[in-house]
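Engineer: Got a structure for you, written out below as structure tokens; questions coming shortly.
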Amino acid sequence: MYILVAEFPATGGILTSWQFYSVKLLRYVSSYDYFIACCEITFFILFIVFTIQEGIKIKEFKSAYFKSIWNWLELLLLVLYFVAIFFNSYCKIQIFLLLESLLKSTEKYSDYYFLAYWHIFYNNVIAITIFFAWIKIFKFISFNNTMSQLSSTLSRCIKDIVGFAIMFFIILFAYAQLGFLVFGSQVDDFSTFQNSIFAQFRIVLGDFNFAAIQQDNPVLGPIYFITFIFFVFFVLLNIFLAIINYTYSEVKADYSIGRRPDFELGKMIKKSYDNALKKLKLKKPQEDEDNESVKSRDLAERARREGFDENEIQSAEQMKKWKERLEKKYYSTEIQDDYQPVTQQEFRDLFLYAVELEKELHYISLKLNRVMREVSALPY
């Protein structure tokens, strides 16, 4: 499918343009095509399964389900899956109808432009879907310490990055508007407001034409360039790196005292393996550990149903483990001496534990104050 266009403007001459599209009308011909068909059927079945699973989760956790960024990503992927399946089915139905009309009247011209257009749209949807599917891998890479720290760092500093992005784009748009108004009539890189924005990103990356803006305006050109480099390259980018570095240091500190993300792929694989062995009667169930884990999960589920925030539940579980570990080390009955020397790392652990306790006490105090205000507001 191709389109050749020739335009005759009022100023004279001819302006030509062309577009070429390729559409595969006979979709399943070779053995590889039938393999693709099997993959498409499997994809559709998995789409149904994942939709049912997410529906069950939403019904079980209700509003708490939407507090996780990964759950929002799951919903986005399900929507993209549905759109991809819809457009794929639509294209196949239209191809079938066009081939049927083409076989009936072979001398008539068949227009496949709309089919090519929807096929390109379908490819774009597939590209976006695959992109977010790769992003979802971050959820399953917590079996590696380094990758888990990376994902935790990005998720923890997202609020700071959003605030930084607002400040960054305010300055970027201000300089873009300045460049467009000052250099737009003479310099091609600043001919439009959009070109000015892209030109500034190129300046940050080191691709710029300083001679052009200096020649156009010898006074404002150097001032514009120097101030933009100073504020954006030396100030804002270093603030961005400082946000990442500070958050990464916090994450490393948490990992050094035993904190880990809730979902770990290694634990999930080990748990599935143990369950399979137990079902095959190749391994005896450990009743004590199972009862303890079931009790912990039941308490967490009960807390979720009562409206507690996910962060509160995680913090409570972590504080419990932390307290047990520290009490076992520093309050052991075997040690009668009051003086117990600690290392620098142990002092850091105790200090962070004290900070967490202070946060918990402050949070409890706020809740008590809120309850007292509500009680005092009740009519007698």
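The backbone N, Cα and C atoms fix where each Cβ goes, glycine too.
Found this in TrEMBL, in case it helps:
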type: COMPBIAS; residues: 292-307; note: compositional bias 'Basic and acidic residues'
type: DOMAIN; residues: 27-251; note: domain 'Polycystin cation channel PKD1/PKD2'
type: REGION; residues: 284-307; note: region 'Disordered'
type: TRANSMEM; residues: 34-52; note: transmembrane segment
type: TRANSMEM; residues: 73-99; note: transmembrane segment
type: TRANSMEM; residues: 119-141; note: transmembrane segment
type: TRANSMEM; residues: 161-183; note: transmembrane segment
type: TRANSMEM; residues: 223-244; note: transmembrane segment
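For each feature listed, report its degree of burial, its nearest neighbours and the pertinent distances within the displayed model.
Structural biologist: Counting same-chain residues at least six beyond the ends of the transmembrane segment (119-141), those with a Cβ under 8 angstroms from any Cβ of the stretch are 21, 23, 70, 73-74, 76-77, 80-81, 83-84, 87-88, 91, 147-148, 150-151, 154, 263, 265.
Residues 189-190, 192-193, 195-197, 199-200, 212-213, 216-217, 220-221, 224, 228, 231-232, 236, 239-240, 243 of the same chain sit 6 or more residues outside the transmembrane segment (161-183) yet have a Cβ under 8 Å from a Cβ within it.
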Engineer: For the transmembrane segment (73-99), give me same-chain residues lying six or more residues beyond its boundaries with a C-beta closer than 8 angstroms to one of its C-beta atoms, as numbers and ranges.
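Structural biologist: Residues packing against the transmembrane segment (73-99) from afar: 23, 25, 27, 40, 43-44, 47, 50-51, 54, 110, 112, 114-115, 118-119, 121-122, 125-126, 128-129, 132-133, 135-136, 139.
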Engineer: Note the mean pLDDT of the domain 'Polycystin cation channel PKD1/PKD2' (27-251), expressed as a whole number.
Structural biologist: 85
Engineer: State the non-local partners of the transmembrane segment (34-52) in its own chain: residues 6+ outside its ends, Cβ under 8 Å from one of its Cβ atoms.
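Structural biologist: Hits for the transmembrane segment (34-52): 28, 74, 78, 81-82, 85, 88.
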